[in-house]
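Trainee: These came from Swiss-Prot, pasted as-is:
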TRANSMEM  24-44  transmembrane segment
TRANSMEM  72-94  transmembrane segment
TRANSMEM  107-127  transmembrane segment
DOMAIN    113-259  domain 'Fatty acid hydroxylase'
MOTIF     127-131  motif 'Histidine box-1'
MOTIF     140-144  motif 'Histidine box-2'
TRANSMEM  162-182  transmembrane segment
TRANSMEM  209-229  transmembrane segment
MOTIF     231-237  motif 'Histidine box-3'
Amino acid sequence: MDSLVESGWKYLVTHFSDFQLACIGSFILHESVFFLSGLPYIFLERTGFLSNYKIQTKSNTPEAQGKCIARLLLYHCCVNLPLMMASYPVFRFMGMESSFPLPSWKVVSAQILFYFIIEDFVFYWGHRILHTKWLYKNVHSVHHEYATPFGLTSEYAHPAEILFLGFATIVGPALTGPHLITLWLWMMLRVIETVEAHCGYHFPWSPSNFLPLYGGSLILMWESFAYSADFHDYHHRLLYTKSGNYSSTFVYMDWIFGTDKGYRKLKALKET
């Protein structure tokens, strides 16, 4: 496996410059992972396949789905790509490299765990700020246009929000100056995670069923509580008020600061 990865990476660094890999390569990888992981949920919603796992009974119209895709392509090309290009000198200054040797899996794993933790913390507070009345009305309400979210709506947002919350995603890598392959793996995992959180389905194989604190189970000495993709779906069904699930990946921040109380009460009522 290592030799396969090394061979593939050798081909990339031989045929492309650092700038091309870090900017154009990252953009192509992001678009590929994002749409390949998100488009299947449009198929599920349109066909009704696996509808017993759908969180809401309502579905989006093909027109609404098409609008989302068109806006995403526009913003990805006009906001995301320029942002990647503009941030390249910063990452290079902080130590990012693409040359050999490749980092060990221990280093990669430790860095990505750090990125998830710091991204979740920064995203939580940034997301709460976006739910203040003025910012919600003028910026964040764009993301909440889809009260019935599907995978691709995870990145459907106002350009200002893309820049604002995008900081949470890049702050970890900017601090550590990782190898580009680590940055790519982090980006892939983060994209898959946010698509899953907005997918509108909760399957038996959903990660939240198996990974503690990952939008899943919060187990304490005195209680346990099961979260799921339904937690963020609940967030989209409500207005800018305290609707919870401000975190991006984990659930402990919502629990610590009490922003999961409304969801927990709703779950308790449904179970009685």
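We number each residue from 1, going along the chain as drawn.
Note that Cβ sites are derived from N, Cα and C of the backbone, with glycine treated the same way.
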Trainee: Would you report the average pLDDT that the model assigns to the domain 'Fatty acid hydroxylase' (113-259)?
Mentor: 84
Trainee: Using DSSP, what is the helix/strand/coil residue split across the motif 'Histidine box-1' (127-131)?
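Mentor: With helix first, then strand, then coil, the motif 'Histidine box-1' (127-131) has 4 helix, 0 strand, 1 coil.
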Trainee: Grab the same-chain neighbours of the transmembrane segment (24-44) for me: Cβ-Cβ under 8 Å, and only residues 6 or more beyond its ends, written as numbers and ranges.
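Mentor: Result: 12, 16, 50-51, 54, 65, 76, 80-81, 84, 150-152, 154-155, 183-184, 187-188, 191-192, 195-196, 199-201.
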Trainee: Near the transmembrane segment (162-182), which residues from the same chain, at least 6 beyond its ends, have a CB less than 8 A from one of its CBs?
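Mentor: Same-chain contacts beyond the flanks: 5, 9, 18, 21-22, 75, 79-80, 83, 87, 90-91, 94-98, 102-103, 107-108, 111-112, 114-115, 118-119, 122-123, 126-127, 130, 139, 155, 190, 248.
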